[in-house]
Amino acid sequence: MASEKVETVVAGNYVEMEREEGDSKSAKNKLSNLFWHGGSVYDAWFSCASNQAHFLHFVAQVLLTLPYSFSQLGMLSGILFQLFYGLMGSWTAYLISLLYVEYRTRKEREKVDFRNHVIQWFEVLDGLLGKHWRNIGLFFNCTFLLFGSVIQLIACASNIYYINDNLDKRTWTYIFGACCATTVFIPSFHNYRVWSFLGLMMTSYTAWYLTIASLLHGQIDGVKHSGPNKMVLYFTGATNILYTFGGHAVTVEIMHAMWKPQKFKMIYLIATLYVLTLTLPSASAVYWAFGDLLLTHSNALSLLPRSGFRDTAVILMLIHQFITFGFACTPLYFVWEKFIGVHETKSLFKRALARLPVVIPIWFLAIIFPFFGPINSTVGSLLVSFTVYIIPSLAHMITFAPSSARENAVERPPSFLGGWAGMYSINIFVVVWVLIVGFGFGGWASMLNFIQQINTFGLFTKCYQCPHKD
């Protein structure tokens with residue numbers, strides 16, 4: 001009876017969602033819904049799996065840099081860290097979804113209407129814990145997504161250089177900055193249906209290309225697998241994988257884009273499991289074939305011989321980086337719209353025009369700091385550790401600390417976790433582990449690496465790590 005009651009409360013009154021879903025069934029809107037205006041469980045799964053695999057990484061594709069992390073960690077540690085952080089990332093995404101449902105249910109009991117309003121993570125923190133938590137969440141989330149967008153822009157220039165090196169990477173950054181600016185015209189995550197599907201297909205193609213191409217290539221002469229060798233490299237690699245499974249900074253926005261957000265519960269875990277079927281074989285195969293050579297080649301594509309299949313992978317990654325730029329920027333657009341007071345306007349053109357100031361600093365930062373590897377690692381340790389691991393765990397524990405909050409919780413912990421005591425134990429472990437290993441050791445290693453890049457290449461470098469052109 002209790003579970004039925006909870007389900008009724010959760011699903012009971014998403015009025016605007018149900019109305020929109022009903023309207024979407026008319027013949028007039030079917031084509032639009034297929035390609036543009038999605039909000040189903042499948043759309044959320046596509047968004048999570050697509051976003052999870054390509055959210056923020058060394059060259060904006062975790063698939064292409066995980067072999068590099070394996071060379072730092074060694075095969076065994078690389079596999080274990082992927083499984084461990086994949087599970088941990090799914091856990092904190094689950095916590096965020098619980099807090100979202102709790103917040104939304106409380107507000108809808110107060111007759112709050114979210115018809116023209118996209119709920120964001122900082123608003124969930126504000127509603128449940130107050131303005132100080134809102135400000136902390138807003139700072140970490142926005143900074144994380146800002147640099148995530150910067151990394152995607154840098155990655156576009158880095159990848160296209162593998163196909164066309166007639167222009168330097170900085171010039172390519174100018175070009176792709178203009179292309180990515182067109183995401184201001186995409187209103188919300190409802191409108192990423194076809195993009196999410198295509199992104200998932202692109203991820204799958206590239207992963208299996210890396211796996212098959214590496215196996216067919218075979219091991220290079222005198223291949224060595226000596227990792228781990230240095231503590232700095234070990235914790236840099238571990239932080240990269242922590243970052244890999246920290247792509248749920250947009251979990252709340254994706255949930256809000258679902259017609260029935262209560263069905264989100266297990267979607268992120270399933271998406272993560274699918275991503276692991278792509279990342280584990282590809283990273284293992286490339287590391288098996290090239291070994292320690294990857295320590296000086298962070299992008300796995302640079303070691304594979306040029307072919308039509310490789311060029312296809314590069315082009316698909318470029319398209320996906322455009323999609324991922326939109327994923328990272330959309331929450332920033334929402335924050336900016338709310339700040340200047342145009343979020344609830346129905347004019348698409350007015351909202352797009354208002355969003356442009358968000359793109360300009362991203363463009364500028366990508367030109368100042370073209371060090372996509374060090375930026376990725378630094379953001380992972382200093383921002384992702386708090387944004388998507390520590391803050392959600394602490395927020396969940398504090399929200400449900402009062403006995404009345406636990407008794408009236410919209411969703412209670414599953415019995416197999418050991419109830420509230422089991423849930424709190426897992427949360428404490430996540431906070432302590434990420435604080436020490438992710439933020440502490442990871443922050444130390446990544447900052448050393450970042451400072452070294454600035455000292456070696458300088459700011460505004462024209463063509464970062466270009467093999468034969470300056």
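Along the chain as shown, residues are numbered 1 onward.
Here the Cβ of each residue, glycine as well, is placed from N, Cα and C on the backbone.
As recorded in TrEMBL:
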type     : residues : note
DOMAIN   : 57-436   : domain 'Amino acid transporter transmembrane'
TRANSMEM : 79-101   : transmembrane segment
TRANSMEM : 138-160  : transmembrane segment
TRANSMEM : 172-190  : transmembrane segment
TRANSMEM : 197-220  : transmembrane segment
TRANSMEM : 232-255  : transmembrane segment
TRANSMEM : 267-290  : transmembrane segment
TRANSMEM : 313-336  : transmembrane segment
TRANSMEM : 356-373  : transmembrane segment
TRANSMEM : 379-400  : transmembrane segment
TRANSMEM : 421-441  : transmembrane segment
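Among the recorded stretches 197-220, 267-290, 313-336, 379-400, the one sharing the largest number of Cβ pairs closer than 8 Å with the transmembrane segment (138-160) is 313-336. Among the stretches 79-101, 172-190, 197-220, 313-336, the one making the largest number of Cβ pairs under 8 Å with the transmembrane segment (379-400) is 79-101.
When the stretches 267-290, 356-373, 421-441 are ranked by Cβ pairs under 8 Å to the transmembrane segment (313-336), first place goes to 356-373. The transmembrane segment (172-190) makes contact with the transmembrane segment (356-373): 3 or more of their CB pairs lie within 8 A, with pairs spaced 6 or more apart in sequence. The transmembrane segment (421-441) shares more Cβ pairs under 8 Å with 79-101 than with any other stretch in the list 79-101, 267-290, 356-373.
Under 8 Å from some Cβ of the transmembrane segment (197-220) lie the Cβ atoms of residues 46, 49-51, 53-54, 61, 63-64, 67, 275, 278-279, 281-282, 285-286, 288-291, 293, 300, 304-305, 309-310, 312-313, 316-317, 319-320, 323-324, all in the same chain and six or more residues away from its ends.
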